[in-house]
Amino acid sequence: MSGHLMPGNKGSSSDEAIRKNARPLHLPAIAKNGDVVNRSSMKPGTFEDEQKLPPVRPQRGIKSRLYYRKRKVSAVTIKDYFDNNRKNLEKYIMEFVTVEELQQWLIKKTTCNIMCPNDENNEVGSKEKFLNTIKSFDNVKDEESAIKEIAISVGTSLGAGAYGVYKLFPQDPAVVQYYAIDNQNTLLQTEAEYTENVLEVAKTGGILRLSTDIDRSLRNTKLNHVMYQPILNESGQTTYIVELWRADAFDEAEEKLCSNFITWNSLALHYCNLYWAKHRDYDMCGFLLESVKSIFEDIESLDHVMKRVLEFVQKLVKADRASLFLVDNKKSELVPPLFDIEYEPCHLRANGKFKEIRVPLKRGIAGHVALTGKNLNIADAYSDPRFNSEVDELTGYKTKNILCMPIKVQGNVMGVVQMINKRNNATFDKKDEMAFERFSTFFGLALQHAKLYHDILKQKLKYEVALEVLSYHNTCKDREVHEINKDIETFNINMDNFYLDPYMFDEIQKCKAAITMFDDLFDLSNFNRLSVIRFILTVKINYRNVPYHNFDHGWSVAHAMYVMLKNDNENRFDSKMRQALFVASLCHDLDHRGYTNKYLNETASPLATMYTTSPLEHHHFNITVKILHQSGHDIFSHMAHEEYRDILKDIEHCILATDLAAFFPNMKKIKSILEADKVQLFNWQDPNNCKLAMAISMTAADLSASTKPWDIQIKTVQVIFEEFYEQGDMERAAGKTPMPMMDRYKPEEQATSQVGFLEQICVPCYEILRQILPNTIPMYEMVGKNLETWRSIKMNKNLSNLKDNRALNNDLQTSAAQNDLEQKSNIMNELKVTNDQSYNGALIESKINNTLRKIDSFEDLSDKLKFKDKVGKIIKLLPTQSSTDDEGVVTPTHSRHTTQKPY
């Protein structure tokens, strides 16, 4: 054929050049001995099978260009070549094939062996078998059960007569657990030798086949052939070994198929584990949420909450028993509030009685964990020298393995949680430890909450006991009730007078007067007479003995309210409102401490902490309710539930209105209402208006001392400033500067503060009140007169208007130092002593010496002597007698109590 170069023919020189540049074939040069030879080193004629290939017909338009056509080589030829040249194949793979390609080939190889149903050796690894095994995972919830399903599937496919699973622990290679799936109990005759075989497989990671011809230790078994197949985890560690037994020997093909089948099922198992882990996390989050809800919903049963948490952890790690021990640091013991929760209560029965189990901190696994604060996972409890078997002897329960963890709060071990005996004769693994450790944090929070709750409960019980004691001592006696009840009819003074002098009555007379006013307004026959008397007497007792906010003030406010209600001929307030107004007026300052709300807030008083606003007023109302709830004091017991609730709300509203901070917004609201109506009519049918009227009436009654005639008011001003000065002294002792009106060294500020108080608060209050309650005009008129008097004193500095009150006149005329010495009660308050109480002698000495140093700063010698003489008189009133030396330094002498040592 023209145009072709046949083997042996010679072409032109140009053709020869083309042939020299032609690309060689991609087949290796084959020597006679089958070795592959590099063509670059070949010499012509070296191999007999080398032939020159005929060139392919050149393309049209290209006349003189030739190239070689590649030889077509079949797959069978290549396979035959590599079958006869394994070393060359290995050499080629090692030099030119990457690891990634090898892994991909391995996956294809194993997938083909399992999935291809036409392979004659693939009966075990068929696609249907694989899918059936995967479907069986739907019915299991843990790794061990899935491994057993794999063993059953592969064992059935291989015709094994018996099969089982060994579980290994990479962190502890010596520990092996066996799960028998069949009934061939004879397979466990030589346990040590079986373990030796299993450990060998775990070490090598390869398949092991044994028979009676190889291992004579199996000669007594009915099934003489066994195959061990390792199962690796995602880290490449052997975690399980499948054991297959049958009468016939396993061949290499079955070994390979078994390996492929288990490999792919293990991969599926890996993703199942991920799913199960997510499911466990979901369950765990749900349980944590339920537990937190239980803590707040069932707060009175923290033991129940802890028991639920303990039971869930027990279920999570599959423990047979669970215990919780609390650390008793005082006695160095562990106390189990929750012990053996599955079958036994927290105590064990001994001779018909419950005996508490207490474990010393230095003994046992739990004690060791409590001392070290470290986790312990013990596979064999009795082989551990730290294990205390006394608990087993007491309970009759056999401990095999233990998972124990500390419960820490802020770095301190509060308790120990202990899981005992994992089910199915297994041992606790790393996953159990991780899950357990997660819940130990939650246990710590629960225990901390329990401790706080019990501390609060304990304090609550102490409070109830203290309240019971105080209630007993702050409650009137039946004898007093009956005495007042007999004499009440003899009290016939007319109380219907805004200008009545409260100082004309003693406390018993004021109690009788309060009962008379109550009877006049509401008719005692509608109430339990003795309850009303008992209530008023107990109210008197619960006022503190402070200069101003005492029972005298409470009674005066109640009297002012009585006159307002008595003269309200139109009965603008209904009966329940009138009762609430009178009772609130009488009780509005119960247990007043003599300090303002501002002072309580600045000093972080417990009352200020309890109530964010109006702490004193809230406290006054709470004391009122406590008195009403005492036996024989509930004057509203005849009312229905809704009426009782409503009147308590009205009383609370009225008492809170006595806080001057509430006065200004109330006044502004009433002003806006009156200004909106040109005829200045106040709509009493509107409940909101009635509430405002009640509030402004309470303020007016509370300030009623400013509406008394001058001689009465000046007495009240004296005790008011005495209380102010005591608060100022406390502020000065704390390093603060008191307000001018509370500074006893600035007595000239009294007139100024009174003018401001009457102008800004009192006069506007009574101006509004007379518009809605015209019968209160006398109060408005008198407060105006008193304001003019105070203005005159402020303007003219004329102290002659105070001649009717010598004590106040002296206060305004003396100097600051003389005032400090004259006010004996202030010094007594600072020194905090009485004739019947113990005291701090060093503190007394320091304060007296400080006072004397101030006197030494006087320039006038006669004043110094006079003031030191006054100090000496005051010292005589103290429990300890002191003498003053020539330089004015006080030297305390022996106490009047002979048993007390001198300073």
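Yeah, the Cβs are placed from backbone N, Cα and C, and that goes for glycine too.
Taken from TrEMBL as is:
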- 1-55: region 'Disordered' (REGION)
- 477-797: domain 'PDEase' (DOMAIN)
- His549, Asn550, Phe551, Asp552, His553, Asp589, Asp702, Gln754: AMP binding site (BINDING)
- His549: active site, proton donor (ACT_SITE)
- His553, His588, Asp589, Asp702: Zn(2+) 1 binding site (BINDING)
- Asp589: Zn(2+) 2 binding site (BINDING)
- 882-903: region 'Disordered' (REGION)
- 894-903: compositional bias 'Basic residues' (COMPBIAS)
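Structure coloured by features recorded in TrEMBL.
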residue	record	DSSP (3 states)
His549	AMP binding site	coil
His588	Zn(2+) 1 binding site	coil
Asp702	AMP binding site	helix
Gln754	AMP binding site	helix
State the count of C-beta atoms found within 10 angstroms of the C-beta of Asp589 (AMP binding site), not counting that atom itself.
25
Per-region confidence, the domain 'PDEase' (477-797) (mean pLDDT, whole number):
93
Which of Asp552, Asp702 has the fewest nearby Cβ atoms, counting only those within 10 Å, among these binding-site residues?
Asp552
For the binding-site residues His553, His588, which Cβ has the most other Cβ atoms within 10 Å, all shown protein chains included?
His588
Whole-number Å only: compute the distance from the Cα of His549 (AMP binding site) to the Cα of His588 (Zn(2+) 1 binding site).
10
Which ones in the same chain are close to Phe551 (AMP binding site), with CB under 8 Å and 6+ residues apart in sequence?
Glu507, Lys510, Val539, Lys540, Tyr543
Rounded inter-Cα distance in Å - Asp702 (AMP binding site), His588 (Zn(2+) 1 binding site)
9
Compile a sequence-ordered list of residues in the same chain as Asn550 (AMP binding site), six or more apart from it, whose Cβ lies below 8 A from its Cβ; state 'none' when nothing qualifies.
Tyr543, Arg544, His592
Given the Zn(2+) 1 site His553, His588, Asp589, Asp702, its other Cβ neighbours within 8 Å of the Cβ centroid, in chain order, are His549, Gly554, Val557, Ser585, His592, Thr658
